[in-house]
Every structure is written in C-alpha cells, then in structure tokens.
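Sequence annotations record features per position, and here Swiss-Prot assigns substrate binding site to Arg71, Ser72, Gly73, Asn84, Leu88, Ile89, Asp90, Met98.
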Amino acid sequence: MMKKIDVKILDPRVGEQFPLPTYATSGSAGLDLRACLDESVELTPGATTLLPTGLAIHIADPSLAAVILPRSGLGHKHGVVLGNLVGLIDSDYQGQLMVSVWNRGQQSFTIEPGERIAQMVFVPVVQAEFNLVEDFTATDRGEGGFGHSGRK
C-alpha cells in the first residue's frame, strides 16, 4: 500500500511562479526543493544562510522520516553545500522546510528565486532498543575497526 505524506504549500508562488517539487525521472529518489525568495541572495565564500522552500510538511507516520540532501552539482561545481550537511525531518515536525546553505567555495555564489537548492528523500525509520549486556557473541571481526579489513 502506498503511503501518503501531507505536504502543505505555504507560499502561493509554489505551483505558480515556482514549479511544485517533482521527481525528475522515474528512478529519482529525491524531490528537488527550491529557494522561495523574493530576490536573489548572494552567498559570499564561507557564508551560510537559511532559505525558505515555501513548503511545510507533516509526515505523521513514525515509521518514516525525510532527509534533506545537497544537490551534487551545486557542491561539486560551485562549493555550495548544506550548512548542516544533512537535514533530518522527524515524522512529528510540522513547520516550514528551511534549507541551510553554506558556500565553502572560493567565489561568491548567487541563489536566484526558484532555484533548486537541495533534494528531499523519504526514508524508513527503525528505532533502537537499548539493553544492558556484559558482552557480545564473538565474531571474526571482534572489535577491529578504522581500517581493520585493509585497503585491498
């Protein structure tokens, strides 16, 4: 059964002046989020800013969450990434989706109204249950970490 998620449009320009979020291809996992701005924003090297998306979300189902991820082209070509690296949207959050952007590049970057700035992916959630134990059942790896399995 397909799950439905309530995404509210807060800014009347979404769907009119700015396209609704869509999946770019049939295999796309992420929906593009756009900067709902009245005017361009210049992001100088090293600067961060919060950008509104014009969308609010309430996932409601605790077995789901959303993550906001950078768009690969912005980071690779321009050095513009998410200020918090990944945004996590819990199922009980009900506010506007804001995107923190950070210019880690060497040049100023201008964000235009309606520009695609990030992508949102819905993911399943598994919550951990903690149990106090004395030890674990032994495995071949044991406590080996940080390069334990080698490079080749």
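Each Cβ is built from the backbone N, Cα and C atoms, and glycine gets one as well.
The structure displayed is predicted, hence computed values, not measured ones.
Annotated features taken from Swiss-Prot, shown on the structure.
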| residue | record | Cβ contacts under 8 Å, 6 or more apart |
| --- | --- | --- |
| Arg71 | substrate binding site | Asp32, Arg116, Ile117, Ala118, Gln119 |
| Ser72 | substrate binding site | none |
| Gly73 | substrate binding site | none |
| Asn84 | substrate binding site | Ser100 |
| Leu88 | substrate binding site | Ala65, Ala66, Val67, Ile68 |
| Ile89 | substrate binding site | Ile57, Ile59, Ala65, Ala66, Val67, Ile68, Leu97, Met120 |
| Asp90 | substrate binding site | Ile59, Ala65 |
| Met98 | substrate binding site | Leu50, Leu51, Pro52, Thr53 |
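Spread of the substrate binding residues is 26 Å (greatest Cα-Cα distance among Arg71, Ser72, Gly73, Asn84, Leu88, Ile89, Asp90, Met98).
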